[in-house]
Amino acid sequence: MNTSVAATARLLGAGLRALLVLTVICGVLYPLALTGAAQTLFPGKADGSEITDQGGRTVGSSLIGQTYTLPGGDPEEAARPDPRWFQPRPSDGLGANSVNTQYTLLLSGATNRSADNGAVDGACPKDAEEGTLCAQVTAAQRAVVADNSTASYTVAPRDVPADAVTSSGSGLDPHISPAYAELQVHRVAERNKLGVERVEQLVREHTEGRTLGFIGEPRVNVLELNTALKSLIRS
Amino acid sequence: MSSQTAGLLQLLALIGALALAYRPLGDYMARVYSSQKHYAPERWIYRAIGADPAVEMRWPAYLRGVLAFSAVGVLFLYGLQRLQGSLPGSLGFVSIDPDQAFNTAASFVANTNWQSYYGEQAMGHLVQTGGLAVQNFVSAAVGMAVAVALVRGFARSRTGELGNFWSDLVRGTVRVLLPLSVVGALVLVACGVIQNFAGIHEVGQFGGGTRQWNGGAVASQEVIKELGTNGGGYFNANSAHPFENPTPFSNLFEVFLILLIPFSLTRTFGRMVGNLRQGYAILATMGVIWVAFTGLMLWTEFAGRGPALEVAGGAMEGKETRFGIAGSSLFAVATTLTSTGAVNSFHSSYTGFGGGITLLGMQLGEIAPGGVGSGLYGMLVMAVIAVFIAGLMVGRTPEYLGKKIGTREIKLAACYLLVTPALVLCFTAAAMALPTPAGSMTNSGAHGFSEILYAYTSGANNNGSAFAGLNADTQWFNSTIGIAMLLGRFLPMVFVLALAGSLARQKPVPETAGTLRTDKPLYAGLLVGTIVIITGLTYFPALALGPLAEGLAA
């Protein structure tokens, strides 16, 4: 009995020593060496790909989506989108799952609603229960149609692309599809008193194709587009 | 180019890249685990451990090493989280509650990486980098060690000796995982994955004002999270977060990392048993299942059936624009057919059938190609079952790789097969029968059931992904999923090592005209059939209540 207890203790001791040695290697030396290499080779990227506007002020990261909303309003209500700027995708998953109140940290997350969430008899009803995916998608579609139709340009619900009415996985999607950007051009041009063609050109300049022609999807970076739009307005 | 065509081209590019790496990496790993030479830094490590790497171990000794190392790992990680608030490098986060700390410790040591916490809001530098990321390395190395021990069981005869656990653990970590991680992490940083120790800081915003961000050593953890088929994200959104997976290329690269070692290990297996064609048969079986699942997933997600998705005009809920439907589907299949569980899109919002494919992928036992190491030993156990079934059909004592599959071997293989389904189905049934667990569901009806079935499937199979609408941070889920993860990881290892010991003791049976050729397409077909039928019969009733009901209603 005593020998088996001693043997077990010896074994656990070996396990602990192995863990400590490997912790030093994989948990201290490796991340520190890598941070050094990353900061030397790709300093901007390792720190979060921050971008600046014309005046040199940091406006965020090209990788992280932001909201472009009107200031003020009722703090209880969701902020209203500012029609002068291109709007990102909805992010209905954010904010609902905050667990740490110590910080107002940027939190990522999806809605995790199922494809039939809020559906009745296999279809989304007109008055889907609030907070369900059916209600979110229907409301978002109605808002996109209403916000983007101008005197000379009417948006039909079938023209609204899927990314305009769905939340992304991270809730921080920095991109929208070229179709959604195109759909917003008339509104943005009107609100900023710019020519439609000039804004269309701006969207084209900021449309990224697939990497090597086949990896990923074509997309428009909203922050970069809005930053370019801002300098266009100022000039 | 249509999105569908682009998706197929991405799949082909992935196959091409894996094929290029297959031979060099598989052969290299075979040399790593066969070589007698110890490098100087490794000798220092052995001296620190106090272990002689040259001592051969029989299966009980090997198993004791695995269990002792893992038990210490659980305790260490538990303690680190419980003390977080009092230790430096916590970023001001408080200590983790006991039930959640147990769940997370079990999760990372069991190579599962189920997360009931929110990474960016709960874990500081010390726990993430010094605790969780370390287990990402060593739990993967333990998986590879056990797989190599089983391979030695087939390769050796009249001995019972399976190698040295400490040597396999250290070599897997420093010769395989570390070098690949360094290269892979730098590729990820070049794409835009962050790597800093900035902590919580303010960043200016477009509309004026600032936002708080949590910086961290993300690239160094992201790479081993995929390479070691771990899956625990630095951030809550996991690989959907742009700081973990910033570009379409980084996405494809991460899928490549997930599949790299599990596929290449079949070459290592062929090399070590001295018959490369045996490795190819296993590879073909894994490859066929993986490609078929990917095809089905692309089909159902592009079809986009489901009430809310049809209103939206496409299955983009929970998916990122830069990856699109194709890049998300490729990732989802790779992560659930291996034991990774990282996600770049949220499976709960997939079509009914799409969610079902991710569930079924895990329920196959994660063997196509499976987790690092665990995929290979899981598939070899299936291969033993398949020769047994073939043996029954022709009335001959089954053999595999020159070893007789007798009563003892088949008992051990059958026990292995029963562990995870028993855990999944019993815990799911208990959670559904009790009054409180259902309160954690976000969705109702068939999908609500799927959330719970998914949670235990993911835990017991050591996957770690989730139908994340489920609020799993309750004492019930933290405790039961924690237990499911530990039993689902270590009980099968007991049977695998016992099987390895029993095989290694045998003397080889000479091959005759009546021997089933296990290196032929016919056998690979039989193996695919065995896997699908056994899994199908086990889980069909549960799947019918969840994803099948949802998918057929859409």
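Think of each number as a place in line: the chain as shown, counted from 1.
Each residue, glycine too, has its Cβ placed from N, Cα and C.
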**Report entry** transmembrane segment per TrEMBL - which of B:9-28, B:249-268
**Finding:** B:249-268
Query raised in the report: Would you call the transmembrane segment (B:376-394) and the transmembrane segment (B:137-155) in contact, using three or more Cβ pairs under 8 Å, pairs 6 or more apart in sequence?
Result: yes
Report summary line: Within the same chain, the residues 6 or more beyond the ends of the transmembrane segment (B:249-268) and with Cβ under 8 Å of it are 10, 13-14, 17-18, 21-23, 25-27, 29-30, 33, 140, 144, 147-148, 151, 176, 180, 184, 187-188, 191-193, 222-223, 226-229, 239, 276, 279-280, 282-283, 286-287, 290, 322-323, 327, 330-331, 334-335, 338, 340, 342, 344, 369-373, 375-376
Query raised in the report: For the transmembrane segment (B:280-299), what are the same-chain contacts with Cβ under 8 Å, counting residues 6+ beyond its ends?
Result: 4, 7-8, 11, 15, 22, 259, 262-263, 266-267, 269-270, 325-326, 329-330, 332-334, 337, 353-354, 357, 360-361, 364, 367-370, 375-376, 379-380, 383, 518-521, 523-524, 527-528, 531
